[in-house]
Amino acid sequence: MQTTQSSCPGSPPDTEDGWEPILCRGEINFGGSGKKRGKFVKVPSSVAPSVLFELLLTEWHLPAPNLVVSLVGEERPLAMKSWLRDVLRKGLVKAAQSTGAWILTSALHVGLARHVGQAVRDHSLASTSTKIRVVAIGMASLDRILHRQLLDGVHQKEDTPIHYPADEGNIQGPLCPLDSNLSHFILVESGALGSGNDGLTELQLSLEKHISQQRTGYGGTSCIQIPVLCLLVNGDPNTLERISRAVEQAAPWLILAGSGGIADVLAALVSQPHLLVPQVAEKQFREKFPSECFSWEAIVHWTELLQNIAAHPHLLTVYDFEQEGSEDLDTVILKALVKACKSHSQEAQDYLDELKLAVAWDRVDIAKSEIFNGDVEWKSCDLEEVMTDALVSNKPDFVRLFVDSGADMAEFLTYGRLQQLYHSVSPKSLLFELLQRKHEEGRLTLAGLGAQQARELPIGLPAFSLHEVSRVLKDFLHDACRGFYQDGRRMEERGPPKRPAGQKWLPDLSRKSEDPWRDLFLWAVLQNRYEMATYFWAMGREGVAAALAACKIIKEMSHLEKEAEVARTMREAKYEQLALDLFSECYGNSEDRAFALLVRRNHSWSRTTCLHLATEADAKAFFAHDGVQAFLTKIWWGDMATGTPILRLLGAFTCPALIYTNLISFSEDAPQRMDLEDLQEPDSLDMEKSFLCSRGGQLEKLTEAPRAPGDLGPQAAFLLTRWRKFWGAPVTVFLGNVVMYFAFLFLFTYVLLVDFRPPPQGPSGSEVTLYFWVFTLVLEEIRQGFFTDEDTHLVKKFTLYVEDNWNKCDMVAIFLFIVGVTCRMVPSVFEAGRTVLAIDFMVFTLRLIHIFAIHKQLGPKIIIVERMMKDVFFFLFFLSVWLVAYGVTTQALLHPHDGRLEWIFRRVLYRPYLQIFGQIPLDEIDEARVNCSLHPLLLESSASCPNLYANWLVILLLVTFLLVTNVLLMNLLIAMFSYTFQVVQGNADMFWKFQRYHLIVEYHGRPALAPPFILLSHLSLVLKQVFRKEAQHKRQHLERDLPDPLDQKIITWETVQKENFLSTMEKRRRDSEGEVLRKTAHRVDLIAKYIGGLREQEKRIKCLESQANYCMLLLSSMTDTLAPGGTYSSSQNCGCRSQPASARDREYLESGLPPSDT
């Protein structure tokens, strides 16, 4: 049995704990089979509420409340209606669970509190989490508790819990047992006020007032005052005193109409203050309490209390669950709190706490209808705190609402606030782990600078800065996030000073973000918040690039978190689909602008193009789009007409003079040069088209000054232009490399088979030519590896070069060629050189497979072969297990005494492998066919005689081995190959288009001439670099900088297309079946509310009719009295009509109904 700490009023007054001198506390064990236990504290009615609240939080370790619901109702046995029982058992407990609320109720097992205790018990039994629990605190006066003597003796047994008998149904007069379903009890002792109930009420009011002045950080980074709501269910007339005093303390009340008792009295009279007279109140009390007899003095006193309560209509919310039961109780509670905060000032600050509460409860519908209904003018600065809460707690609907209501993200998002958002990352998330890793790396770097700096490092939880965020993004996006979250002044300087080791160039945290929507989008993507990220994507610019960047981030994070790889892959597909759909919208509107969108450098993503981002993200579906393929086809053919027959190209190869004939069709010449003033204002469609359709060097030629007339004649310009157009097209470069590579393989074959002479006769002339040819291949590989991108470090260039599998193949082929040539020059290892070169020829020949990628049918087969090789690699693990198991066993059975290593290797690995294909050595297994020798001289070169002792076991193992390998494992391999083929072949078109892009990009960047003539192209590149001439005209086909006016025009056009796409998506969502059903249900709710309003209007109209009828009756009586000749008649009828008239008058005053005419 668990012990407890108890203290009583005998302790010294200077105890450290604030409540020690005045509080007695302990534990209660309730009898019965449930083994329930609760904590209690005995307090005087004069105890400070702060001490009691501190005890609840500090000693009892209750979670700080986000809401306090004080339940007020009947403390006598009562019959509970079914709907009211559901409201208490389901609605109240659900609201407390979802909002983290405390329920203050009576501690006695009687009346309303009994049903609340049963609801708490049912929830505790059904809940599977210890973190989600309902906190119900029972408060009662000690004078009303049954078996009080057990509690009075708590100070005598400090270390043992009190055993309370399980007689919950035993009610002896005013005494009632404690409710065993509750876990915490506050028992109030009678004080100087005399009555225990008066002391209890005083303590309840003071505790509620104190809690309402405390603050909590629920739902975000800000603090709000803890809202306290009193819920009135049923109740007796004495409850009016508590309600009146509570509303004077500005405590909001929710009154459940239809629950009976004083709640129905308030529901009937509080909305009609003109009827709050003693006669009408007496009528209501008699109807609601028919078995009670009240004095006129009590009725008058209660009427005064009703008038005081009705004077605070903004604190009273009447709700009838029978007629308006479509809303949950937490919704009604939030509406009551919002209503209580409304004032005549209409200042936004008066609604902030309720708005924060709506954010914490995720009730955007209430925020729209009750707070953002047009009555309050919200400024952007008013919404900054709640915007932070909505972002941290992942409430995209609220973020959208705040932006629509006037929040300015450009003013809101400073670098300091962005850093604060990254500080709020969940410690269990992958992003937190990555940021912590980068933070630790930075601490180690700083610690290595010196002991003094190491002592200055912060201690405690890591406070991530934007430097760590930029490093994480750098790992995911590489060059696409270059310069993110760094000092802008440093980035703008030309040739900045070298940064000291460990020093961070961070932006000023008070500066506003340069692109707030992009930064918030990245923050949401890194936390895998798709809905939030989608909204930021919709609000930002450069949508295609942003979606592809998110696709890349999700792909990288899925590799780091294998458990959530499937979910992240689905998110990745969604982002890729966003980019694909938006580009489809753009391509359908304008092809030229869509092509420019693919190759323009995006300023928000470090001047990276959409094609580069798609390549990094491995977005195969994006490359398979018709618009992207049309652009690639345009790049592939260059300035030649698409669809030119290959034979004509080969004819131009053999006879270059055919280039200047009409054999091959070329595009029209570039437009005439224009003035710089015209280029700065590309407003006309013709000017824009000339920009978008211009290619590479032509764009620069548009801006060049006119040449001197004698520089080049028109004929020479025509010849030079045609020559460049033909030899500069990627298709020509590809065909040239294919033809020359076949020539290289033919020369290699000739040298190996015919003209490969040993020294000193060799090498021959053809072999020297082969050496020179390979030398030009080496130069081209060096150019591809180290001279492709000037803005990248050499190490990274080499890393990117090695990542390509075909480049690895080239490196192996060149390495083997160098080794083979070196060996063949030495006579002693000439044959070894021949062997290496023969193997190298096989590697060079396999390099031809790369050429097939351009073919639509053969291209996907390359991927199939590559994936099948991976399948074979894993299959070999299974096969090797059986090979080794069977080989070692048979070797031990047949040749136990043969220790020759070469023979052991043959029999353990080689022979079982051959047996898979049917080569079974019967001469070793069958005794009649054994052919061996036992002579020691012959044993060295021949097989040893097998041991036939376990011949039957060897045969059995052979049968088992063949069954498993030939039937089971081979069929497994075939099934794996079949699955791989189906997966790739099912998406063959997408895989081929993705391969086609890589091939086009590769040959687009290659020099025009093929090896060995490529040496001329390399010399030309070197000369252009020496004389500082632009040697990268072709790069502008895939990466282009547009003039600022045209660039802004493209950005605006893309934004418009994104809005069109989003409107189309929204229309599809509205037309979906689920949305139609939701709208129908919403309309039904509106109709129900409207009908409920009609009922209220009907009641008011009846009331007005009754008043009008009564006025007409009085006027008629006055007319009859004052009319001539009516005195006698009136006096004659005075005795018989005066009393009935008075009765009718009182009946009207009580019920509001007109008197009968009969």
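Heads up, the Cβ atoms here are built off N, Cα and C, so glycines get one too.
Look at the topological domains in Swiss-Prot: PHE786 and ARG900 end up on opposite sides of the membrane. Annotated Ca(2+) 2-binding residues in Swiss-Prot are GLU781, GLN784, ASN807, ASP810, and among GLU576, GLU585, GLU1002 the one listed with them is GLU1002.
Neighbour list (ASP810 (Ca(2+) 2 binding site), Cβ cut-off 8 Å, at least 6 residues apart, same chain): LEU777, GLU781, ARG847. Within the model, the topological domain 'Cytoplasmic' (1-729) carries an average pLDDT of 80. Note on ASN807 (Ca(2+) 2 binding site): other Cβ atoms within 10 Å of its Cβ, all shown chains, come to 15.
A Cβ distance under 8 Å defines the sequence-distant neighbours of the topological domain 'Cytoplasmic' (785-805), meaning residues of its chain 6+ beyond its ends; these are 479, 811, 866, 1005, 1021. Within its own chain, the topological domain 'Cytoplasmic' (855-863) has Cβ neighbours under 8 Å at 849, 984-985, 988-989, 991-992, 995-996, counting only residues six or more beyond its boundaries. Closest to CYS341 (Ca(2+) 1 binding site) by Cα-Cα distance, out of the binding-site residues GLN784, ASN807, GLU1002, is GLU1002. Each residue in GLU780, GLY785, TYR801, ASP804, TRP806 lies on the same chain as GLU781, GLN784, ASN807, ASP810, GLU1002 and has a C-beta within 8 Å of the C-beta centroid of that Ca(2+) 2 site, without being one of the site residues. Residue counts for the topological domain 'Cytoplasmic' (855-863) by DSSP state, with H, G and I taken as helix and E and B as strand, are 5 helix, 0 strand, 4 coil. GLU1002 (Ca(2+) 2 binding site) is 64 Å away from ASP350 (Ca(2+) 1 binding site) when you measure Cα to Cα. Cβ crowding, taken as the number of other Cβ atoms within 10 Å, peaks at GLU354 among the binding-site residues ASP350, ASP353, GLU354. Neighbour count (other Cβ atoms within 10 Å of the Cβ, all protein chains): 16 for GLU781 (Ca(2+) 2 binding site). Summarised by DSSP class, the composition of the topological domain 'Cytoplasmic' (785-805) is 13 helix, 0 strand, 8 coil.
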